[in-house]
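**Student:** According to Swiss-Prot:
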CARBOHYD  ASN145  N-linked glycosylation site
MOD_RES   SER545  phosphoserine
REGION    1-20  region 'Disordered'
REGION    567-590  region 'Disordered'
REGION    669-714  region 'Disordered'
TRANSMEM  71-91  transmembrane segment
TRANSMEM  96-116  transmembrane segment
TRANSMEM  176-196  transmembrane segment
TRANSMEM  211-231  transmembrane segment
TRANSMEM  252-272  transmembrane segment
TRANSMEM  278-298  transmembrane segment
TRANSMEM  350-370  transmembrane segment
TRANSMEM  371-391  transmembrane segment
TRANSMEM  415-435  transmembrane segment
TRANSMEM  443-463  transmembrane segment
TRANSMEM  475-497  transmembrane segment
TRANSMEM  514-534  transmembrane segment
Amino acid sequence: MEPGDAARPGSGRATGAPPPRLLLLPLLLGWGLRVAAAASASSSGAAAEDSSAMEELATEKEAEESHRQDSVSLLTFILLLTLTILTIWLFKHRRVRFLHETGLAMIYGLIVGVILRYGTPATSGRDKSLSCTQEDRAFSTLLVNVSGKFFEYTLKGEISPGKINSVEQNDMLRKVTFDPEVFFNILLPPIIFHAGYSLKKRHFFRNLGSILAYAFLGTAVSCFIIGNLMYGVVKLMKIMGQLSDKFYYTDCLFFGAIISATDPVTVLAIFNELHADVDLYALLFGESVLNDAVAIVLSSSIVAYQPAGLNTHAFDAAAFFKSVGIFLGIFSGSFTMGAVTGVNANVTKFTKLHCFPLLETALFFLMSWSTFLLAEACGFTGVVAVLFCGITQAHYTYNNLSVESRSRTKQLFEVLHFLAENFIFSYMGLALFTFQKHVFSPIFIIGAFVAIFLGRAAHIYPLSFFLNLGRRHKIGWNFQHMMMFSGLRGAMAFALAIRDTASYARQMMFTTTLLIVFFTVWIIGGGTTPMLSWLNIRVGVEEPSEEDQNEHHWQYFRVGVDPDQDPPPNNDSFQVLQGDGPDSARGNRTKQESAWIFRLWYSFDHNYLKPILTHSGPPLTTTLPAWCGLLARCLTSPQVYDNQEPLREEDSDFILTEGDLTLTYGDSTVTANGSSSSHTASTSLEGSRRTKSSSEEVLERDLGMGDQKVSSRGTRLVFPLEDNA
C-alpha cells in the first residue's frame, strides 16, 4: 500500500460497513408499511361499521313500513264494516229488501279490491327465483345463507311454472290477504256458536226428523251428485285441452262436499223480518246449521281417503269404508266434546259467580271459545263441537247465569256474529282482486252452477217425498220450491275453499266457489221477497205470546208424542195440556207416542241432568234412590227449594217455582219450595190467572223440546179447566 493511501482515513470506512443512515431506511420503510396497514384496517373497519349501521337502519325502516301497512289494511276492513253498517241502517230505514247486508259487504269489498289492485304501486326487484335441484320436496321452513347471514323463509304454496313471472309484487295486496286459519280459529267460532246458542228449540225439535234428514242424507246426496257431475266436466276439459294440471276424482268429491254447505243468511233475514211461516224458517235454519257441520266433516273424510296400492286416487272399498268410519268418528267425537265442554253449568251453579256478572260473562265466553280450539287440537272438528256446545249452553248453563250475564252473553255473541260474518263477506269481495292464484275456467264454472242446481233438486224433492209419507203436516210444494230456491252458499263454503289453495285443482275450486257465492247472495238473495209472493207463502205470522196462550182453555193431551204421526187410540196415562186456541183443530187431536228412546231421554234430562247441572227440575232427593241421599243433597242447590222468582230461558227452559207446579213422585208430593206431603201419584198446577203460565209453555220450556212433550212414566199432570162462565 502506498504512503498516500494512509492519509485518507475516510476511504476505508466507505468501502467497509454501510453508513448508519442507510441502516435506518428499512426500519422506516417497515414502520411506514405497518402504519399504512393499520390505517387501511381502520378505514375498512369504519366502512364495515357504516355498512352494518346502514343495514340496520334499512331493516328498521322496513319494519316501520310493514307496521304502517298492517295498520292500513286493518283500517281498511274497519272502514268497510263501518260503511256497511251505515248503509244497512239506510236500507232498513227505507225498507229495502232486494239486497242483504252480506251482499252489500261484498260489493264494498269488490270496490276496495279494485282500488288496491289498480290504484297502488307495485314494488319491483325484491323477488328472485332460485333453483334447488338437489331436493325432491318442499320444506315448510327454509334457511338461506346470504353472504354469511342466515335468513328464514316460510312456505306459502306452489306456483305453476307459467305464473312465476307474475307473482304479486304489491306489498299492500299481500297485507290484506289473510292466513286461512284466521277464518277458522277467529271468525267462524262466534258465527257457529251463535247459531247454536240462539236456536229456537221449539220449532227446531218439532221438525227435528226432517231437519236431520235434510242435513245428513241431503248433504251426502248433494256431495256425491255434484262430485260425479264435476268429474264428468273435468273429463270433458281434458278432452278439450282446457286442463293444464291434475284433477282427480277425490278432488271432485271434495268440491262437492265444500259447495254443499248452504248458508241462506239472506233468506233467513228476510223471513225473520217478514215473519214468514215458522216451520219453513225452522227447516231452512236447522238444515243450514247442521249442514255446515256435516259438510266440514265430510270434506275431512274425503281428504283422509287413501286407497292401497300405487294409484292413490282409484276407488277402493276398504278405503271407502274407512272414510265412512272416519266421518262417524269425527262427528261423534266432536259432538261429544262439544256437549261435554258445554256442560260447564256446574261452575256457575256451585259458585257465586253470579255476584260478579263481568267475571261470569268472561268465563262463559272463554269456555265456549275454547271448545272450538280443544276439538281442533284433538283432531276433531271445531265447528261441530262449538255448535253443540252452544246448544248445550243454552239448555243448561243459561239458566244458572245472572240476569245481567244472560243479556250480556246473548248480545256479545250476537255482535261478534254480525261483525265476523260481514267481515268474511267483505273479504270475499276483496279476495276476487287480491288473491294471487285465481284459476278461471269457464267450463268448470258453468258445470259447477249446473251441478249445484241438480244436486239441490235431488236433495230437496226426493227427501221431501219420503218425509211426507210419515209426516202429519206435509211439506207442501211451495215449501219445497222455496227450500230449493234458498240453497245459497256463503261463509262456510268460502272458508273451506280458501283453507287449502296449494294445488292447481284447489285454486280452481276456490275461484269457482267465490263466483257461486257472489251469484247466490246477490241474485237468489235479492229474489227472496218476490219468490215468497209468487209461491203464496204466508208472511206476517206472529207467534202467540205467553199472555195470549194463558187465555186458552186447556184439556188433556198425550205426552211424548210425535207431531208428524197419526194417533191410534191408546189408554196411556201420560198427558199434558194442549191449548184450545186458533190451532185447536190440529192441537186437540191425540197423537201417537214417540219412540221410547226419546221418552227415556226426556225423562232422564228432566229428572236427573237438569237438577244436577242447573237450579231447575225436581230435587234430586226425590228422584235418586234413598242410598244416594248424601250425593243428592250435595248436588241439589238451595235455589231449587227457595227460589221465589222463576228463571226463564227464552223459548227453551223453564225453572219451576212455588205456585207454578207441584211435583209428585210415588206417594210424596214436593212443591217448588221444598215442602212435601203424602198423597197419590199426581201433579197439580195451581195459581190464579196472575200466576198461571201456559201449561204447554211450562212443559215445553222445562224440556226444551218444543211440541214433543214428555213426562216420566207414571206421572200425570192435572190441570183445572177454566170456567167458561
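The backbone N, Cα and C atoms fix where each Cβ goes, glycine too.
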**Student:** Are there residues of the same chain, six or more positions away from the residue listed as 'N-linked glycosylation site', whose CB falls under 8 angstroms from its CB, and which are they?
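**Tutor:** When sequence neighbours closer than 6 are ignored, the residue listed as 'N-linked glycosylation site' has nothing within Cβ distance under 8 Å.
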**Student:** Using Cβ atoms and a strict cutoff of less than 8 Å, what residues sit near the transmembrane segment (415-435) while being 6 or more residues removed from its termini?
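**Tutor:** Distal contacts: 77, 80-81, 84, 101-103, 105-114, 116-117, 173, 176-178, 183, 186-188, 190-191, 194-195, 265, 490-491, 494-495, 498, 501, 510-511, 514, 517-518, 521.
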**Student:** Is the transmembrane segment (211-231) packed against any residues at least 6 beyond its ends, judged by a Cβ distance under 8 Å, and which are they?
**Tutor:** 204, 249, 252-257, 259-261, 282-283, 286-287, 289-291, 293-295, 298, 444, 447-448, 450-452, 454-456, 458-460, 462-463, 466-467, 483
**Student:** Report, as numbers and ranges, which residues of the same chain sit near the transmembrane segment (475-497): CB under 8 Å and 6 or more residues beyond its ends.
**Tutor:** 102, 180, 183-184, 187-188, 191, 210, 214, 257-259, 261-267, 277, 279-280, 283-284, 287, 292, 295-296, 299, 383, 421, 424-425, 428, 452, 456-457, 459-461, 464, 467-468, 506, 509-510, 513-514, 516-517, 520-521, 524-525, 527-528, 531-532, 535-537
**Student:** Hey, does the transmembrane segment (443-463) touch the transmembrane segment (278-298), meaning at least 3 C-beta pairs closer than 8 angstroms, sequence gap 6 or more?
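**Tutor:** Between the transmembrane segment (443-463) and the transmembrane segment (278-298), which are separate recorded stretches, there is no contact, as judged by 3 or more close Cβ pairs.
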**Student:** Taking pairs 6 or more apart in sequence, does the count of Cβ pairs under 8 Å between the transmembrane segment (514-534) and the transmembrane segment (350-370) hit 3 or more?
**Tutor:** no
**Student:** Is the transmembrane segment (252-272) packed against any residues at least 6 beyond its ends, judged by a Cβ distance under 8 Å, and which are they?
**Tutor:** 97, 100-103, 219, 222-228, 230-231, 234, 280-281, 284-285, 287-288, 291-292, 295-296, 298-299, 302-303, 421, 448, 451-452, 455, 486-493, 496-497, 509, 512-513, 516, 521, 524-526, 528-529, 532
**Student:** In terms of Cβ proximity under 8 Å, which residues at least six beyond the ends of the transmembrane segment (371-391) contact it?
**Tutor:** 184-185, 188-189, 192-197, 199, 289-290, 292-293, 296-297, 300, 330-331, 333-335, 337-339, 341-342, 492
**Student:** Would you identify the secondary structure of the residue listed as 'N-linked glycosylation site' according to DSSP, in three states?
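**Tutor:** In the DSSP reduction, the residue listed as 'N-linked glycosylation site' maps to strand.
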